[in-house]
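Q: This is the structure I want to talk about, given as structure tokens.
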Amino acid sequence: MKVLVINCGSSSLKYQLIDMDNENALANGLVERIGIEGSKLTQKVDGRDKYVLSVPMKDHKDAIKHVLDTLTDGTNGVIASMDEIGAVGHRVVHGGEKYADSVIINDEVMKDLVDFSALAPLHNPPNIIGIRACQTLMPDTKMVAVFDTAFHQTMPEKAFLYGLPYEMYKENHIRKYGFHGTSHKYVSYRTAEILGRDVKDLKIVTCHLGNGASVAAVHNGKSVDTSMGFTPLEGLLMGTRCGDIDPAIIPYLMKEYNYSYDEVLDIMNKKSGVLGLSGVSSDFRDIEVAADGGNNRANLALDVFYYRVKKYIGYFVAAMNGIDALVFTAGLGENAPEAREAIASDLEYLGINLDRAKNKVRGKETVVSTDDSKVKVLVVPTNEELMIARDTLALVK
Ligand code: ADP
């Protein structure tokens with residue numbers, strides 16, 4: 001069966017068509033600037049030149065129609081007709097406490113997703129729009145929702161409760177949910193396979209370091225803690241998000257400087273993190289270049305970022321009472337040896353010994369610790385699309 005995986009953002013959409021007979025990606029695409037001037041679809045197929053389609057796309061339905069047309073196009077496509085798509089798997093950011101697993105989308109699920117939008121106002125609405133657009137264009141195709149929060153639903157209360165009045169959890173659903181779950185699950189399970197061990201016997205700390213970034217503690221195959229919280233703002237600092245700050249800073253900014261609620265949210269989500277500290281960029285590549293060129297604030301931003309990741313590794317080693325494997329994934333984690341070295345150095349007392357030569361690797365599954373390192377350090381490129389496709393296939397079969 002062929003499964004179409006859709007990851008819908010507010011003005012962009014990523015897709016992948018995967019042949020589940022061999023788990024090969026037949027096509028990989030990105031639609032950008034949906035509903036904005038300059039809409040563009042880019043599709044990559046192994047062994048072919050990149051295909052780019054620049055046409056106006058007024059909404060997500062328009063975008064998905066162009067995706068389906070491109071996939072079935074005689075010249076640039078990879079399938080003869082839409083009938084070859086057996087099912088669609090949608091990435092959905094928030095599944096609340098109800099969804100600890102992926103689920104076939106029906107009316108009840110759609111209603112829940114709308115309800116959860118209050119918890120994830122930036123993320124769930126575009127996911128819902130994407131699902132509705134697919135339902136309109138492919139009314140007879142089964143669809144599955146795969147949640148970013150699901151893997152973390154195994155966290156114990158002591159990890160997910162905040163020190164707020166308990167009623168706020170019970171009545172207002174305020175708790176840590178955690179995100180990037182599909183990625184943390186994929187890389188932790190893949191780590192066990194690479195090491196030839198049973199994931200149920202391992203204590204793994206997974207570092208998903210991309211534009212959004214989070215760390216998770218995976219004990220015996222279950223997420224027991226993670227750095228993101230009620231929203232993806234908590235934890236590490238990220239490209240543009242501030243991560244952990246003293247919550248009292250927020251009312252202080254609002255009271256002393258007359259910032260509105262929206263302004264504070266905007267600062268914390270879009271103007272902070274390594275962008276805010278460096279003043280250079282939210283992209284780690286730009287910051288590394290600036291730091292190498294002697295830009296002090298760029299250096300400082302990297303230092304603060306690395307230090308925060310290291311601190312979270314420490315938290316989670318303590319939480320699990322040990323660690324067998326430390327895993328790096330996502331844009332920075334997979335591709336930046338300097339970042340891995342800065343984060344994983346001076347941890348020998350925990351049994352973590354990075355092999356600097358082996359660590360000079362980009363985007364490839366590799367064990368980068370020394371042969372005698374008690375704790376294995378790995379680079380494992382994440383594959384959220386494949387996880388979504390696997391769950392989708394399992395549910396529709
Ligand atoms: P997301 O999916 O959250 O948008 P990614 O996982 O694609 O993010 O990661 C994107 C980030 O990874 C970029 O902002 C960039 O900073 C970083 N990155 C990618 N390649 C490299 C590299 N070769 N060196 C350093 N950083 C990199």
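Quick reminder: no glycine exception, Cβ is built from N, Cα and C everywhere.
These figures come from a predicted structure and were not determined experimentally.
The feature Mg(2+) binding site is assigned by TrEMBL to Asn7, Glu384. Residues or ranges marked as ATP binding site in TrEMBL: Lys14, His208, Leu209, Gly210, Asn211, Gly212, Asp283, Phe284, Arg285, Gly331, Leu332, Gly333, Glu334, Asn335. The substrate binding site feature in TrEMBL is assigned to Arg91. Annotation source TrEMBL lists site 'Transition state stabilizer' at His180, Arg241.
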Q: Mind running the recorded positions Leu209, Arg241, Glu334 against ligand 1 and keeping the ones whose CB falls under 6 Å of it?
A: none
Q: For the recorded positions listed here (Lys14, Arg91, Arg241), which one has the lowest count of neighbouring CB atoms within 10 Å of its own CB?
A: Lys14
Q: Could you state the whole-number distance in Å separating the C-alpha atoms of Glu334 (ATP binding site) and Arg241 (site 'Transition state stabilizer')?
A: 20
Q: Can you give me the Cα-Cα distance between Asn7 (Mg(2+) binding site) and Asn211 (ATP binding site) in Å, rounded to a whole number?
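A: One finds 16 Å between the Cα atoms of these residues.
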Q: List the residues of the same chain that sit at least 6 positions away from Asn211 (ATP binding site) in sequence and have their Cβ under 8 Å from its Cβ, in sequence order, or write 'none'.
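A: Listed in sequence order: Met238, Gly239, Thr240, Ser282, Asp283, Gly331.
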Q: Let me know the most crowded of the binding-site residues, choosing from Asp283, Glu384 and counting other Cβ atoms within 10 Å.
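A: Result of the Cβ crowding comparison: Glu384.
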Q: Tell me the Cβ contacts of Leu209 (ATP binding site) under 8 Å, same chain only and six or more apart in sequence, or just say none.
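A: Set apart from Leu209 (ATP binding site) by at least 6 residues yet with Cβ under 8 Å, we have Leu236, Val309, Phe328, Thr329, Ala330, Gly331, Leu332, Gly333, Ala336, Ala339.
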Q: Could you measure between Lys14 (ATP binding site) and the residue listed as 'substrate binding site' for me? Cα positions, answer in whole angstrom.
A: 10
